[in-house]
Amino acid sequence: MAPPNATNGSGNNGTTHGTNRFPVPSETEKMLLPENNNEVYVIGTGAAPKKKTFWHYLSLRGLFGILGKQVGTSPFRFIIIAFLISLSSIGMYKIVLKDRITDGYTPINAPSRYETDVLREFWNSSGDPMQTMLILTAKDEGSMHRKAYLDEATNVINFFNSKFSGSRAKGLVFFPCHSRNGWRKSPAPLVPDRIVDGVARRLSPTVGRKRSLACAGVFCVLEFNKMCEPYCGMTTAFDMFKTEFDNVYSAAVKGDNVTVMALLHHPVANLNGFEVHLERYMFGVKTREAGASLPPADAIERRITNMDYVQVIMMIFRGDKGTDRLNKMMETWELAAYDETLQFNNSLLDVMLFGTDILDREMIRDGERLKPFFSTGFLIMISFVMICVLFTAVFLDEMDRGKVLISCVATTGPTLAITASYGIVSLLGLRVNSFMLVMPFLIMGIGVDDAFLMTHAWHRLSRQGYSVPERLSMVYEEVGPSITITSLTNVLSFGIGAFTPTPEVRLFCIGAAIAMAIAFVMQLILFGPILAIACRWETKGEKDAPSGWRKTLHDAFNDAVKAYCRLLGNKIFTVAVGLGMIVYWTFGIMGLLNIKTILDPGKILPPNSPIQVSNAILRNIVWAEYHPVTILVNTPFNVSDPQQIGRFFEMVDDFERLPKCKGAESSLIWLRDYADYTTRGEPEVDMFAMMMGEVKMSNTEHVDPLKTNMTLKKLDAFLASPFYKHWSSFLKQGVDKSGERIITQFRVDVAYQNTTTWEIRIDLMVEFRDLVARYKDLNASVWEHNGFFVDQMLSLKGVAIETGLLTLLCMAVVCAAFIPNPVSLISAIIAIASISMGVMGYLSWWGFDLDPVVMAAVIMSIGMSVDFTAHVSYHYQLTSKKVMVNGKVKKETLNGKQDKLEHTLESVGLPMLQAGASTIFCILPLLFIQSYNTSVFVCAIVLVVGWGLLHGLIVLPAFLACLPSSVTDINLYSTYLSTSSEKSCRYRAFEMLNKLNVLVSVLIVWRREEGNRLEGGAQVDQSPPLGLFVPPPSTQFVKDQLRVEWEIISR
């Protein structure tokens, strides 16, 4: 007897999953049921139950199906939720655009942070000192030590030091203050002077009054000399030189012999026994050899100094940002002074200002300058999306108002996610740095890709007779897991980046993670409901088969896909792809190994920024001649201890013996002057005579501190001397346990030269740290103004590698949760790593160095690369797909690599191309901007899209196609996440349980019949051991049926 054919009432095989009803029982099952039983017992050998079980809804696709059905049933409720989420965009009114380029890219555990903390402790400060550099050059490119130019330079320095009060083009900047701070209070602030061509002019008092009337409360005028402590003596030495220069110049004009007067020499001028380090103020100096003769008619400036030419005069304005209030005040003063220099009108001098707050603002201004270009790019992207959606609707002959609505709002979700993320970041009290201004490209790229996937799936199910909830449920089941992989991997990856030790990268990752999460939610609760609403305008009825040009295009597309899939499965083509990838990896790894870690503010700044000129002067002139480093001795110091003094000067000698050191004469060491003072006392100078320029030189030779029995008895007088009072900021005093006066901390400065490149500065900083590490008994530390930048460059490569590896690890974990096939999972991760390596390696070939901008671009490219790999790997591991048959959804098995390739490319190939093209169109306007930041991101996006499409459409499918189906069909945990098998493990187990019960029931019946026959009617237990009630069949059928059921079970 042939086994019964298990069919349902419609004639379809019972194994299909296209209906929600239980299958009609097989002949065996009918015989095992009572004739009047209306219930259906799932105990036979029929197909898996059509009614979805509880376990189905625990699967990822089941959960998305439930969500899609709810969205399709009540779309407006979800739109309201999306609207409420988007209200967080209101927080943008509190947005703060600010970069911290000085220390923002330095890891929190970098040595420079400890060194800066030691310096702060020395100054009793909680903030970094302000260092604003005033740079003066001659408009005619002549020497700055000419009398008229030196006079004008002095006027400008004094103006910014004591007369400038935060004036801007339209008036004053006032700051609320308190009288206890010691700053000048003024309910009606004074209007500051402004120098124009050397003449002090007063602004219109009306402007000042109007501004003061517009402000409530008491305000202080921001004058630098009122908030410069403890650096208020920074201009004293230069003022003394200028005074002596004027005296000697006047004497020379009268015809006096000036050779016996003060030696106004560079680099160190000796003003009657008092040394002035001109090398700290004058740069680009050309000096004359000692004894060289000059013609009598030569300029007086050349005759009274050893300088033939001075290119730059620079003065540093320093202030202690000890509190948040002081920090804000000094930032306001610096930016206002910078604005003043931009308006400065002088016929003799070019006036420039350079500082960290200025640098940060220029970075933000560069980002804000991109707004119109971003807007243009977004409009191009939106237009492209609209064209794609509308063309698809026309091609499918489904054009209606709903499709127009879909095309218009396809980018609404990502856009709201961007604004909401900025709002949330601002509400959390975080600032927005310049890198977060390029975050929209990442969000729009991934968000638009998700929109294309949903729209593509939605179009395929149109006019099939399904209700809106059913249709949207199927769309969410198909697309939900795929977009979850890309979104969740990015959220978690950027979440990991939020714990990196680099503050600016941390801010970027926090903003990107928030935006990615909101974009994912918006895609489900905003764009999905829009699809549901758009159904109202769709034409009812069955879809006609394509005809005319639509059929021609449809057939051509299908033929092209089939031919391309055959090409991907060709072994020769696979070998060619492998060889191409070897070449790709070779050049990529070479570029990766050769990339340099350099942070050059000149590159990061916009090319037309005013501070490009001052930055070039600092890099090429100032740092080439004078590069100071501060050494702090942090152990209690006894000036009477020869051994301790010897150790100290041994360390100083090590620093001064370094190749690029300017020598001992350029070092600022208070102990040398104190040794002179304790031995010789106050310089014997008649101040009136010095003012008249009639003082002769005194002995200028230093006393050896090691041969001087110094004590601290004369320290107060030393620090009170007009010649030595500037040393008070170089040391701190205290008392020891016995009550004796001691030096608790002090600092010295050693100068270096020819440090024009970052490689030299990095090598020097490493040597400095090695030197102080040898003198642990002095507890010495070193501080250098560029220390933060040095540590950035020393750590950038490690931070980039660490962040990249953590991101890849996170993506591997997330992808493993959604891609049950290990081969597809591993191939996706390798593809992501390959794309990221290619982006970074080929950026190096294009001449880019590893800096914070490139690192942010690489992090962004890792996030974007998921879209080109995860979708392909996820769809290729499926072993079945849903098709429409007679208006019903049925599962069709994917047999072999050709079917899998065709299904994968049909599902994600076109959306992937559309998303890549839309991203490229978005950045096209940025090509017209001459900016380093934009060039990095444009090149990175072009590379990630290019390499991503290469991997997603060629490399990854070709690799997967060359593997046997037994490998690519493996499903490690199909119980909960399987979407690739025709029958999941739970259904197979249930079927085996049913078959086992049938067999046991037949054996029980057969035993009963045999017992009745042999034992005269004795009964046996009729209950199946597994607890299912099975009515006994007819005894005439038992023996034959046992054989049939055994054959069924054995299949």
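Cβ atoms here come from the backbone N, Cα and C positions, even for glycine.
Among the features that TrEMBL reports, compositional bias 'Low complexity' is placed at 7-20. TrEMBL lists 1-25 with the feature region 'Disordered'. Per TrEMBL, the feature transmembrane segment maps to 76-96, 373-396, 402-425, 437-459, 479-500, 507-534, 572-593, 799-819, 825-846, 853-874, 908-929, 936-960.
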Whether the transmembrane segment (373-396) meets the transmembrane segment (437-459): three or more C-beta pairs under 8 angstroms: yes
The transmembrane segment (507-534) versus listed stretches 76-96, 402-425, 437-459, 936-960: most Cβ pairs under 8 Å: 402-425
Tertiary contacts of the transmembrane segment (437-459) (same chain, 6+ residues out, Cβ under 8 Å): 367-368, 370, 374, 378, 381, 385, 388-389, 392-393, 396, 398, 406, 410-411, 413-415, 417-418, 421, 471, 474-475, 478-479, 482-483, 486-487, 490, 508, 511-512, 515-516, 519-520, 522-523, 527-528, 531, 856, 860, 863-864, 866-867, 871, 907-908, 910-912, 914-915, 918-919, 922-923, 933, 937, 941
Region pair the transmembrane segment (936-960) / the transmembrane segment (572-593), three or more CB pairs under 8 Å: yes
Contact set, same chain, for the transmembrane segment (799-819): CB under 8 Å, 6 or more residues outside the stretch: 60, 107, 481, 484-485, 488-489, 492-493, 495-497, 500-502, 505, 825, 828-829, 832-833, 836, 840, 850, 855, 858-859, 862-863, 866, 870, 873-874, 877, 977
Top Cβ-contact partner of the transmembrane segment (402-425) among 76-96, 479-500, 572-593, 853-874 (pairs under 8 Å): 76-96
Beyond the flanks of the transmembrane segment (853-874) by 6 or more, those residues with Cβ under 8 Å of it: 435, 438-439, 441-442, 445-446, 449, 453, 481-482, 485-486, 489-490, 493-494, 497, 505, 508-509, 512, 516, 604, 796, 799-800, 803-804, 807-808, 811, 815, 818-819, 821, 824-825, 827-828, 831-832, 835-836, 839-840, 843, 904, 907-908, 911-912, 915-916, 919, 932-933, 936-937, 940-941, 943-945, 947-949, 951-953, 956-957, 960
